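According to TrEMBL, the features are:
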{"type": "REGION", "residues": "1-107", "note": "region 'Domain I, interacts with DnaA modulators'"}
{"type": "REGION", "residues": "96-118", "note": "region 'Disordered'"}
{"type": "DOMAIN", "residues": "172-304", "note": "domain 'AAA+ ATPase'"}
{"type": "BINDING", "residues": "G183, G185, K186, T187", "note": "ATP binding site"}
{"type": "REGION", "residues": "357-476", "note": "region 'Domain IV, binds dsDNA'"}
{"type": "DOMAIN", "residues": "384-453", "note": "domain 'Chromosomal replication initiator DnaA C-terminal'"}
Amino acid sequence: MEEDQEALNLAADWADISQGLRKDLGQQAHSQWIKPIQPGNFCNETGTLDLYLPTEFSANWVADRFADRLSLAWKIARPDVRHVRILVNPGRRQLPELRLGNGGKPSRPANDSVHGAGDPLGAALEGNAFASLGQGSIGIDASQTFATFVTGTSNVLAWNAAQRMSAVEAPQFSPLYLKAATGQGKTHLLHAIGHAYLAHHPNARIFYCSAERFMVEFVQALRQNQMIEFKSRLRGFDLLLVDDIQFIIGKASAQEELLYTIDALLAEGKRLVFAADRAPQALDGVEPRLLSRLSMGLVADIMPADIELRRSILENRLQRFPAIDVPADVIEFLARTINRNVRELVGGLNKVIAYAQLTSQQVSLQLAEEQLTDILSANRRRITIDEIQRTVCQFYRIDRTEMSSKRRARAVVRPRQVAMYLAKVLTPRSYPEIGRKFGGRDHSTVIHAVRLIEELRTRDADMDGDVRSLLRQLES
Ligand SMILES: Nc1ncnc2c1ncn2[C@@H]1O[C@H](COP(=O)(O)OP(=O)(O)OP(=O)(O)O)[C@@H](O)[C@H]1O
């Protein structure tokens, strides 16, 4: 069982890596060389992962051209992978096909139903998904469950709705439409619903696919005169999970098919979940009737993860690697600065750990800053000193002019110092530049303010609370 779980984890990680490489290398190179790769044995002691290719030629080609990329991508995805070996598939070992129809327990397929697709999870998620329709098999990722999904104020509503979708008792709404910006956990929740539903309904037939894949399969079925099979298989599911519905563009006939499928499933009390990066009304090129079906149930937003949630996600993730020591200031730094996307946040953490291990260093703030320059600069929202002054004045209920005034009353001096401190922490401005923005003060005044607030934060809980709350407001 443990072995199966490990294989499933590898398959899940490989799906993420493969997807990233597709973006980097382009569709053609990806289909030819990357897709056929199959993650094989992973040795915990040595940290060696074997990647299999179907032929000697392809193994040599991949080893020559993509070994470094593959190795780096794996090290980033899994801090415990230290070496990657590219080998020819001995032809026997199979990864589980994520066939979870037998009481929710992953099992290895009896025969080679993955057909060396090399991307077992991807294949189950996408390529071979329709091929396995109707057998109770599904394309859900075993590592993305409710248990591994961390909740906070930004996503708890969606989480609750997702829980209800998978509960024993039928939900009062259907479909559920999950809406979130990229990398905020939509796909994770879809998979989690699949797992939980299966736990409650062991014989259920669940199907996960992306809308893009749905379109492709639809066109293929049409071309191969297999529409009847296509339709009847689709309608045989108890739970349908359709990801990235924003890609359901073009092809009116495919949209119509989806519409009929939705109607047929809803009429039988089946459960439907869709996910997209925008609200139903904002989907382009989608038939109005399909739009109205998509939004007739519950539309649940996952808001961008706030600082608390980002922190919890990192802490939660680190529990997977108890032997790795990541200092609290690094977690705080990552949580604070990588604020756009949870995928980037987790990727950033993994990258720092991987680099530290490769170079036999301790994880430190300096190392994180050095290794993540790209991610960090992409994430940096330009906060202005004006914005900081405005926020601080509102917070302490003082007049905006006090930021530049010469008044020395404590009630205005402290807020002014806090604002200077925040200007230093949140903007790239130098001390003299900050001084000029505060009524032409000397840079030594700013240095003094920054040090003082830094020091007060360590011994005055109220001050620390004020600063945290201001940081939260400014960074949200
Ligand atoms: N709340 C969370 N707790 C734990 N992990 C999370 C959470 N939110 C996102 N993640 C992780 O972040 C990564 C990206 O999430 P996911 O793929 O679900 O995003 P998405 O919203 O579907 O993005 P996209 O629109 O780009 O497909 C995944 O590895 C997922 O497990």
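Positions of Cβ are set from backbone N, Cα and C atoms, glycine also.
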Output field, ATP shell: CB within 8 Å of site CB centroid, site G183, G185, K186, T187 dropped:
A180, T182, Q184, H188, L189, A275, I302, V342, R343
Out of G183, G185, which of these binding-site residues shows the lowest number of other CB atoms within 10 Å of its CB?
G183
Ten-angstrom check, please: count other Cβ atoms within 10 Å of the Cβ of T187 (ATP binding site), all chains counted.
22
Long-range same-chain neighbours of K186 (ATP binding site), Cβ under 8 Å, sequence gap at least 6?
L178, K179, A180, D243, A275, A276, D277, I302
Overall pLDDT for the domain 'Chromosomal replication initiator DnaA C-terminal' (384-453), taken as the rounded mean:
93
Please spell out the DSSP helix, strand and coil residue counts for the domain 'Chromosomal replication initiator DnaA C-terminal' (384-453).
51 helix, 0 strand, 19 coil
